[in-house]
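Feature list (source: Swiss-Prot):
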COMPBIAS  61-83  compositional bias 'Basic and acidic residues'
MOD_RES   Ser23  phosphoserine
MOD_RES   Ser59  phosphoserine
MOD_RES   Ser97  phosphoserine
MOD_RES   Ser175  phosphoserine
REGION    1-83  region 'Disordered'
Amino acid sequence: MAKQKRKVPEVTEKKNKKLKKASAEGPLLGPEAAPSGEGAGSKGEAVLRPGLDAEPELSPEEQRVLERKLKKERKKEERQRLREAGLVAQHPPARRSGAELALDYLCRWAQKHKNWRFQKTRQTWLLLHMYDSDKVPDEHFSTLLAYLEGLQGRARELTVQKAEALMRELDEEGSDPPLPGRAQRIRQVLQLLS
């Protein structure tokens with residue numbers, strides 16, 4: 001059987017018109033829910049103005065959409081006021097790259113810091129990039145080899161399998177490997193883990 005297309009009832013068009021009308025008339029949120037947050041309920045709940053009730057025709061989803069739009073408008077107005085006052089919004093500090101975080105993780109492991117703890121994402125990054133001398137410099141590679149000695153389980157098995165596959169690939173290329181440093185790193189990892 002062929003599926004029949006569902007006709008959009010006129011009721012939704014009426015709801016959309018009412019939603020536009022409600023947003024044009026003004027916010028449903030009273031001055032109690034101003035950005036200062038003095039009169040707002042706990043956890044930022046919206047407080048309706050006493051004179052205006054939400055229209056019963058608006059579904060909960062439509063109300064959420066309307067509230068999101070109003071919140072966005074309030075934030076925009078707040079930024080505009082700050083800009084006019086000459087204050088610049090503070091930008092969050094730049095996030096550190098994955099390389100920096102992973103190498104910092106490795107250094108903390110080597111120094112046996114109390115705040116060091118296993119982090120799978122950092123270990124995964126190190127295992128993926130350990131053959132690249134640009135991403136894991138030579139001064140950190142010896143530390144990485146010491147870290148790999150303690151590698152356990154599936155991570156150890158996969159690292160050995162990948163190293164063997166890379167070695168086979170280098171052997172097939174011939175006697176002149178394009179990256180001798182990479183080949184040396186692969187050999188060191190294989191000798192350590194095999």
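The backbone N, Cα and C atoms fix where each Cβ goes, and this holds for glycine too.
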Three-state composition of the compositional bias 'Basic and acidic residues' (61-83), taking helix and strand from DSSP:
23 helix, 0 strand, 0 coil
Using C-alpha atoms only, work out the spacing between Ser97 (phosphoserine) and Ser59 (phosphoserine) and round it to an integer in Å.
44
